[in-house]
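Working notes, structure below.
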């Protein structure tokens, strides 16, 4: 079976290499598109800045601590500007007018509630038009929440241990300003600070992987229509060999495509995509997912034209919602959640994270795992489809 697979794969590879259209789609177009986007939109992103309103209805230590730490924080310097507002209505009006990008609202009695061990809730107002400000505001509130949880736990533990409530309150008031600095840990905007030539290079690589693999499975459906597939199956080979041969060649050519796009981005723009091992492994996982998805489409399609149409729709929908065409952080929250169902989102986010952070393979373990899970699910469904259809 292995010898038959190698023979069929070699035949398919020769056919694809002789097809100039396939080479154009695999190499020339993605490199050209990545270069075009890189020239037009490349360069470092401008500094990410956000103006966040703060409504202090509490007057206690936590709002004061936020102001103090924002002023002193090197992580937030040049990123976050706080603007005091008197109430929720004024904050909403400023948000609607575009004067602020988000607002943090401290309710009355917040600090006292935390000091008494009862916890508290901080509200955040955001706008779909200014997603970056919302990201920053929520990151600040997440940090506040961790401090609130720590303070609440400490107060409750002291009270449970029998420390008089008066002494606990006095200690909290005396030491309330102490505590860890406010920081943007695991900055969700990492990847927004990379050269856009990297971002769009990664996006084009992810997009065209679908087209390259799709061409192999399109030829499978054409061969079925012409009767070539039936003649091959009549010989001494397993029924899965022609399908596996198409998948192997499609996968290999797609890997060549994404790697050439990667190399051209580095050579033309002098930009780095990050750790080579991590980048290659992530691209490998993406191409595996793209191969499985296109294989699933081919297993259900009746004609090559139908398969072409469905693959094109899936490719562009995944590219748009997955951030291959527009940065994910510019999309509304709902679309960012939808993006998590596309392989492109995990690939693009992983690649830009590698380029922006300089981290290694471990930092993209989750995207790689998700892509492999997508591939496994799609391969399983495709196998069922082929058994009922092409191999039935």
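Using the three backbone atoms N, Cα and C, a Cβ is placed for every residue, glycine included.
Automatic prediction, not curation, is the source of TrEMBL annotations.
According to TrEMBL:
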TRANSMEM  21-41  transmembrane segment
DOMAIN    165-389  domain 'ABC transmembrane type-2'
TRANSMEM  198-222  transmembrane segment
TRANSMEM  243-271  transmembrane segment
TRANSMEM  277-298  transmembrane segment
TRANSMEM  310-331  transmembrane segment
TRANSMEM  364-386  transmembrane segment
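Below 8 A, the CB atoms of the transmembrane segment (364-386) and the transmembrane segment (277-298) form 3+ pairs separated by six or more positions in the chain.
Counting same-chain residues at least six beyond the ends of the transmembrane segment (243-271), those with a Cβ under 8 angstroms from any Cβ of the stretch are 5, 8-9, 11-13, 16, 22, 26-27, 30-31, 34-35, 38, 42, 194-195, 197-198, 201, 204-206, 208-209, 212-217, 219-220, 279-280, 283-284, 286-288, 290-291, 294-295, 355, 386, 390-391.
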